[in-house]
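Colleague: Here it is, the structure in full.
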C-alpha cells in the first residue's frame, strides 16, 4: 500500500523530521513495521523479531530501527548470531508431587496427603507471541473422602418426603461405605423468606424460614436420623421456594457446615421451583445478595435484608468452594432444574419419587455421574493473556477448544492428561508477575502458575546512562545503540530539536542542488538521511543520500544477479567463478572439456561454460560433431536402414545400437530438408542388399540433437532391369561404391 502524505508541521516538529516523500507501509514483516527504537520495543513486537547489538551493523543511511528484523533477515544482513538479542520463554516446575496410587483398605491417608493433579506449582516466562506449553495429569483416587450435605425443602408439600428422609443417615452411610471409608453427612432445611404463618386450622407447622443449618457434617449416621426425625414441615404462600438463599449460605459458611478439603456434595431436595435475583422486590427487598455468610445460631439472619442470589452468583460461589450439586426434584420440575444444571458446571439432576423413597439410589447414581467427569477451569486471566486446552482421555479420545477442557467416563484409578498452552500478547501495565490458577471443577486441588513477562532485553541491564558514545552524554548506550534523552535526536543523539533549522536539513540531505532530499528514498533526520524501509525485508536503500539499493541490478533467469552474486548500489558483485553484468557467465571450463581432456576438442573457445566452435563445420557441446564431413553417410547407413525399414546388418541390435538420433520419415525426396537452414546438413543416398536405394539427411540441430530425415519408401529396380543390375552389382559394386559415396558426400548440397 502506498500512501502519499503532505504534512504541514511546525518548525520544531520539522526540525525533528522532514520528508516530502511517498512511503510504503509494510504488510508482511511485523518487525520492520514496528519501527522499534530500542531492543525492548523490538522483542515485544513478536517472537520472530530479534535485535542486532553489533555496533557496526548499520550501513550508512540505515535508521536505528533497522536493527529490529526477522532472525533470518538479520543473519543474511551480516549480524552474527552471538550479536542477536532474541530472548526465549522458559518454564520451571516448582512442585511436582506424583498423583496418589491409593488402594481401598490400605493405610489411611489424610485428605491433604492425597494428590489427584500433577504438577501443583510452576513458573512460566513468556515472550510475547511465543506460547509456553505444559502437561497436566489427573488421576481419580480410590477411597477418596466425601462430605455430603443434604439440604431439604420443608414446605408443607414435602411432608411425606420428610418421613422417608428420617432414616437416610444410616442407610446412606451403609451405601457410601462401598465407595469410601471416610464419609460424613450433614443436614439443613429451607422454605422461604420469613412471612406470617400461612398454615391454617389444626395443621402442625411453623412459620417459614429462609435457611437452617440443622446438623454440621458428621460421620454419625444415627445422629442424622435422630435430628431429622425431630423436624416439622413449614408453610409457604407461593409455589417457588427460597432455596437459592440456602445454597448460598451452605457454599460460603464453610466453618459452620464443617466442609473439609475433600469431595463436597450438596444434595438439594425439593418439589417446587425457585426464587432468584429480583424476586425479593415482591417483599420490598431490593439490596442484591452480598454472597457472604450470615448464620447466627445456625439460622440465616439476613433473608429480610438481601434479595435472592442470581444464578451467576451461585455458580461462582459453588465453584470457588469446590461444591458439586445434586438436584433431587420431582418429575414435574425436572425440566426446570435440567435448564439450571446446564448453567451450573459439575451439577446433576435426579427425579425423586413422590415420597423420596428412591433418594439413596438417586444420590449414588448422581455421584457416579459427577465423579466420572473432570472439567478444568482457570481463574481470571491477566489482560492480553490467552489459554488453550487439549485433552487426552480414555481410549485415545482427544479434544480441543472448549472440549479440550474435559474428559468423561473416568473410572477410579484412570489417568487422563491435558496439554495447556499459555500465550501473552502484551506486557502488563505494571510490569509485575501475575498468578493464575487451574483446577478441576468440584475438586479442592489446583495448579498455581506464576507468569513472568519478558518485556526487556538482557543487554538492557548493561546500558550506560549519559554515555559519551551518545554525543557527550545525551543518551543511554544500550544493546549497541543510543536511546536518546528527551529533546535529542539522531543516531548518536547529536541534535537538539531546538537547534536545527529546515534549511540545514535540506542542504545536508541533498546530494547536490538539483536532486531530491535523500534521493526520494528516505527521510531527513537531524541533517542525516535515514533510508526508507521496503516491504520485502531483504530489499534495502543505503548510502549517504539513500542513493543506493540492493534490488535494482541486472537479472538473469528472473533472478537478481543470476543467483550467483549480490547487488550493491545497483551493481552486481559476482561470486567466485562468475562474471557478467548479471553474474550469468560461468568461468568454470569443466563443462567444455571433451573426452580427450581438451577444451572444445581444440576446435573452439569456452565462453560462459559453453563451447564456441571456431570451425563452422563442427558442432556439439565439445565441437565434436561434423555432420558434413566425409564418411558420415556410411557411418550411419546401417542404423538408418534398421530403424526405417527393419533390415540390414544391425536389425537384431537396432534398439541397442541405433537410438542415438531422432528419426523423422517423409513421403518423398522433395520433403527432405534442404540446404540453407540454420545448421549444417548432409544428404545421403545408400543401397541395400536387394539393390534398393534409400535417401536420407543427417544433421545436428541447435539443441545438439542428432536428426535423420528419411524417405519412407525404397526405390527398387523393376522387370528385366533386375538381371543386369544384379550382374553389375556382382562385378563391380564393391569397387565402384566408395567412389560413388564420395561423390555424394562431396555433392551433399544436391539430393
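Cβ coordinates come from backbone N, Cα and C, glycine included.
Here TrEMBL flags 38-457 as domain 'Integrin beta subunit VWA'. Marked as disulfide bond by TrEMBL: 39-49, 455-459, 484-493, 524-529, 526-561, 531-546, 567-572, 574-583, 608-654, 613-623, 633-642, 658-692 (among others). Residues annotated as domain 'Integrin beta subunit tail' in TrEMBL: 633-721.
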Colleague: Can you tell me which of the disulfide-bonded residues 459, 484, 546, 613, 642 is spatially closest to residue 526 (disulfide bond)? Compare CA atoms only.
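Modeller: So, spelling it out, the nearest of the disulfide-bonded residues is 484.
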Colleague: Mean pLDDT across the domain 'Integrin beta subunit VWA' (38-457), rounded to an integer, is what?
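Modeller: The predicted confidence over the domain 'Integrin beta subunit VWA' (38-457), as a mean pLDDT, is 87.
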Colleague: Looking at Cβ-Cβ distances, which residues of the chain lie under 8 angstroms from residue 455 (disulfide bond) while being 6 or more apart from it?
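Modeller: Those within reach of residue 455 (disulfide bond), by Cβ under 8 Å and sequence separation of 6 or more, are 40, 43, 44, 128, 427, 431.
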Colleague: Among all protein chains shown, how many Cβ atoms are found within 10 Å of the Cβ of residue 613 (disulfide bond), not counting that one?
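Modeller: For residue 613 (disulfide bond), the count of other Cβ atoms within 10 Å is 19.
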Colleague: When you measure from the Cβ of residue 658 (disulfide bond), which residues in the chain that are at least 6 apart have a Cβ under 8 Å away?
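Modeller: Listed in sequence order, they are 638, 639, 642, 643, 650.
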Colleague: What does the DSSP secondary structure composition of the domain 'Integrin beta subunit tail' (633-721) look like, as residue counts for helix, strand and coil?
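Modeller: Helix (H, G, I), strand (E, B), coil: 23 helix, 27 strand, 39 coil.
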Colleague: Can you give me the Cα-Cα distance between residue 49 (disulfide bond) and residue 529 (disulfide bond) in Å, rounded to a whole number?
Modeller: 25
Colleague: Write down the Cα-Cα distance for residue 613 (disulfide bond) and residue 574 (disulfide bond), rounded and given in Å.
Modeller: 27
Colleague: Got a sec? Which of these disulfide-bonded residues, 484, 546, 574, 633, has the most Cβ atoms within 10 Å?
Modeller: 546
Colleague: In sequence order, what residues of the same chain, 6+ apart, have a Cβ less than 8 Å from the Cβ of residue 608 (disulfide bond)?
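Modeller: Sequence-distant Cβ neighbours: 580, 584, 585, 586.
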Colleague: Starting from residue 524 (disulfide bond), work out which of the disulfide-bonded residues listed here (493, 531, 583) have their Cα within 10 Å, and give them in sequence order.
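Modeller: So the list reads 531.
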Colleague: Which entry in the list of disulfide-bonded residues, 531, 583, 692, has its Cβ near the fewest other Cβ atoms, using 10 Å as the limit?
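Modeller: Checked 531, 583, 692; of these disulfide-bonded residues, fewest Cβ neighbours within 10 Å: 692.
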Colleague: At a 10 Å cut-off from the C-beta of residue 526 (disulfide bond), count the other C-beta atoms across all protein chains.
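Modeller: If we count other Cβ atoms within 10 Å of residue 526 (disulfide bond), we arrive at 25.
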Colleague: Just how many other Cβ atoms lie inside 10 Å of the Cβ on residue 642 (disulfide bond)?
Modeller: 20
Colleague: Measuring Cα to Cα, how many Å separate residue 692 (disulfide bond) from residue 633 (disulfide bond)?
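Modeller: About 16 Å separate the Cα atoms of these two residues.
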Colleague: Which of the listed disulfide-bonded residues (493, 524, 529, 567) has the least company, meaning the fewest other Cβ atoms within 10 Å of its Cβ?
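Modeller: Sparsest of the disulfide-bonded residues 493, 524, 529, 567 by Cβ contacts within 10 Å: 567.
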